[in-house]
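Working notes, structure below.
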Amino acid sequence: MARRSSFQSCQIISLFTFAVGVNICLGFTAHRIKRAEGWEEGPPTVLSDSPWTNISGSCKGRCFELQEAGPPDCRCDNLCKSYTSCCHDFDELCLKTARGWECTKDRCGEVRNEENACHCSEDCLARGDCCTNYQVVCKGESHWVDDDCEEIKAAECPAGFVRPPLIIFSVDGFRASYMKKGSKVMPNIEKLRSCGTHSPYMRPVYPTKTFPNLYTLATGLYPESHGIVGNSMYDPVFDATFHLRGREKFNHRWWGGQPLWITATKQGVKAGTFFWSVVIPHERRILTILQWLTLPDHERPSVYAFYSEQPDFSGHKYGPFGPEMTNPLREIDKIVGQLMDGLKQLKLHRCVNVIFVGDHGMEDVTCDRTEFLSNYLTNVDDITLVPGTLGRIRSKFSNNAKYDPKAIIANLTCKKPDQHFKPYLKQHLPKRLHYANNRRIEDIHLLVERRWHVARKPLDVYKKPSGKCFFQGDHGFDNKVNSMQTVFVGYGSTFKYKTKVPPFENIELYNVMCDLLGLKPAPNNGTHGSLNHLLRTNTFRPTMPEEVTRPNYPGIMYLQSDFDLGCTCDDKVEPKNKLDELNKRLHTKGSTEERHLLYGRPAVLYRTRYDILYHTDFESGYSEIFLMPLWTSYTVSKQAEVSSVPDHLTSCVRPDVRVSPSFSQNCLAYKNDKQMSYGFLFPPYLSSSPEAKYDAFLVTNMVPMYPAFKRVWNYFQRVLVKKYASERNGVNVISGPIFDYDYDGLHDTEDKIKQYVEGSSIPVPTHYYSIITSCLDFTQPADKCDGPLSVSSFILPHRPDNEESCNSSEDESKWVEELMKMHTARVRDIEHLTSLDFFRKTSRSYPEILTLKTYLHTYESEI
């Protein structure tokens, strides 16, 4: 994974809006890109800030040409309407609708009429312009949807096709639960799903808005990486605002990363139109794609995309549960049927790969459920709020010395018992959101409760003159919320037959699309190979990363007298010779590794120094640089008991004679800092014997912790670990510190950490992680699992207060587990934040392990 900052100003492409009041939708044509001055590499700018309007010339023979005509010539491509640059006869020649989009019995064998939208004449097959149902109505063939499922074991393409073409059929606002309507409403989509490869849902990126997610699908990047952090945004360096109704969105400087069509063209693979002007009917878009598929070999693109503004438009208007949603879904399905019938008519239905995919879901939302910041703040006129299903706050006035994000956060935190949003400084947002490392993301962020909106004040809520709300649905919420999930279906010769796969995140699709086209992906946030199980054959075979630093295995026994920790309790060990026995135990490897490192030793992927420390109940990789473990691993059986801690061990720490005193923490640092305490990575409560309990109080098991965070950590170790072990027939737990002071989602180097903890020998982690693994089949114990694994991971923010949980004054049982669920994470997120590599020694294939690493336990109900 490349550092996100590298994507901020590299390869670019414009993406265009389709919002109400703007006469365009997302669009790109393969040869549209022209090199801009001042850029060293990559596809430079598309379009200037001002449209040109020369309309001289004609579209005769040029409708939907793949190459954009440059000034002073007029244009006939799919986006000329958006830039008022079409030839004068574009509508007349290219947007024909006469006699509709289908053949009827009375049209079969008709005399060709060039005014018709599509043809039913005897020569239409040869000319590639038949209506998509021509062979069904006029030749007695069956509709594609009426044919039985067939397993396409190899692509059956006409001569001249170098690779199976890829068609991406993207639908806006398609909530995953819409698929439950089944074949009665969507027979064509249901057939794609049942005959091909599908997931119960696909997770969008946050925010669950259209622009960020469509561009993520195209690039494999998080919004903080590609720069499109919302449908509207302000860039403080540009001092400019990007929004749906303005022309600034046409400026190339907003768009980072390398989208699929540029990846294709840079590697010699032709790409067709990805986006369409909204005035072009869906049927015309399908017919155009089908006509492009009949082009000569040297002109024919290998990748195409169709985009539908539905069902998003209707979902906003009627809400996701409105009975009015049935017709828009039927219309989308009808278009899918036209595509598949058209492919069958061209004998390409066993050749082409089709991806049917959404950008986000839809939730039931109305004006009546709106939180107003004026009920919390007295100065709402001094702030700018990006409102709606999430809130982003900045000062209305630049260089406002009185603007204090922390003070605003304090005034918005836990002020009402029925508060429907939670304020965060962006660096404190759950790491799984990947929504902090971009200057366009404001310092203050409001996570809004599902089904609610946030606005500055009542006057900011737009209603109809009648006073009624003009919308019943919206999206943008936390991307783990089930209503925000969307659809994924893959169908064709390269996808598996009748296969259901686990849910995944849309950052992974870019790599899959590259694999389908035989392309090498540009750097992206996906994990290449994690979706290999979708495909019949895999062109990319991932390999495990090489270990950079191998550990030391301490052999020297330091003298007890060498240590002055300032908190030792060894003088309380009775009898005195027992101390020697306890220390000798520390050099006994025994079966520790087999018992506590069930999936192999984590690899360190950067240069450092660390030691492997064995104990009866756990194993650690101890950092000589950070003076704490990088990881600690232990296995807890279903039968494990939670025991109490003896009084004489509650406030002391033992020296570890295997580690030099100079590489050991000192308790005096904690005694001198009343704001800091310490905790343990292996929980003393789970020690298997009184002797083993002494190992848990070794200084090498100690980590710095704020007293407030210790409440979270102790409850997790004392109660939740045992709970999970009981529920899952045993678990393996790996925990450790995270350092992400610059909140870029990547491991901080030693030099970077020193910048933030100057003057301290013990760096304070920004987060702590925990990876909890068991057998997916709970009838098998964790340490004897021979089937698929199940994993739950957490990245817990290490903060000096628990104000994120408004009921943190209550018993931990009332709030800690909910806090942890909010900060659920993928193993892959933890790997990026620690530069560690987990699960290196298992009987599972490496792609299967990558699938496990990219899984997110959402703790949401079923879709």
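From the backbone N, Cα and C atoms, a Cβ is placed for every residue, glycine too.
The annotation active site, nucleophile is assigned in Swiss-Prot to T210. Reduced to three states, the DSSP call for T210 (active site, nucleophile) is helix.
The 1-tetradecanoyl-sn-glycerol 3-phosphate binding site annotation in Swiss-Prot covers T210, N231, D312, H475, and the record cites similarity to another entry as its basis. The Cβ of H475 (1-tetradecanoyl-sn-glycerol 3-phosphate binding site) lies under 8 Å from the Cβ of G173, T208, K209, G315, H360, G361, M362, E363, T389, S483, M484, each of which sits 6+ residues away along the same chain.
Feature annotation from Swiss-Prot assigns domain 'SMB 2' to 99-143. The average pLDDT computed over the domain 'SMB 2' (99-143) stands at 96.
Taken from Swiss-Prot, the feature N-linked glycosylation site covers N54 (among others).
The N-linked glycosylation site annotation in Swiss-Prot covers N411 (among others) and is backed by sequence analysis. Shown in sequence order, Y376, L377 are the residues of the chain, 6+ apart in sequence, with a C-beta less than 8 angstroms from the C-beta of N411 (N-linked glycosylation site).
Residues or ranges marked as N-linked glycosylation site by Swiss-Prot on the basis of experimental evidence: N525 (among others).
Close to N807 (N-linked glycosylation site) in the fold, though at least 6 residues off in sequence, lie K814, W815, each with a CB less than 8 Å from its CB. Here Swiss-Prot flags N807 (among others) as N-linked glycosylation site, drawing on sequence analysis.
Per Swiss-Prot, region 'Nuclease-like domain' is recorded for 598-863.
Summarising the annotation, Swiss-Prot assigns region 'Required for secretion' to 830-851. Per-class residue totals from DSSP over the region 'Required for secretion' (830-851), listed helix then strand then coil: 11 helix, 2 strand, 9 coil.
Using DSSP to sort the residues of the domain 'SMB 2' (99-143) gives these counts of helix, strand and coil: 13 helix, 3 strand, 29 coil. Largest CA to CA distance in the 1-tetradecanoyl-sn-glycerol 3-phosphate binding set (T210, N231, D312, H475): 14 Å, whole number.
Distance between Cα atoms for D312 (1-tetradecanoyl-sn-glycerol 3-phosphate binding site) and T210 (active site, nucleophile): 10 Å, as a whole number.
Packing against the region 'Required for secretion' (830-851) from elsewhere in the chain are residues 1, 431, 502, 504, 527, 529-533, 538, 541-545, 547, 597, 599-606, 630-631, 734, 736, 738, 740, 745-747, 767, 769, 771, 786, 788-789, 793, 795: each is 6 or more residues past its ends and has a CB under 8 Å from a CB in it. Between the C-alpha atoms of N231 (1-tetradecanoyl-sn-glycerol 3-phosphate binding site) and N525 (N-linked glycosylation site), the distance comes to 21 Å. In sequence order, D172, G173, T208, K209, F211, N213, D359, H360, G476 are the residues of the same chain, not among T210, N231, D312, H475, whose CB sits within 8 A of the CB centroid for the 1-tetradecanoyl-sn-glycerol 3-phosphate site.
Cα of N525 (N-linked glycosylation site) to Cα of T210 (active site, nucleophile): a distance of 19 Å. Neighbour counts were taken as the number of other C-beta atoms within 10 angstroms of each residue's C-beta; across the recorded positions N231, N525, the minimum falls on N231. Counting only same-chain residues six or more apart in sequence, the Cβ atoms lying under 8 angstroms from the Cβ of T210 (active site, nucleophile) belong to D172, G173, N231, D312, D359, H360.
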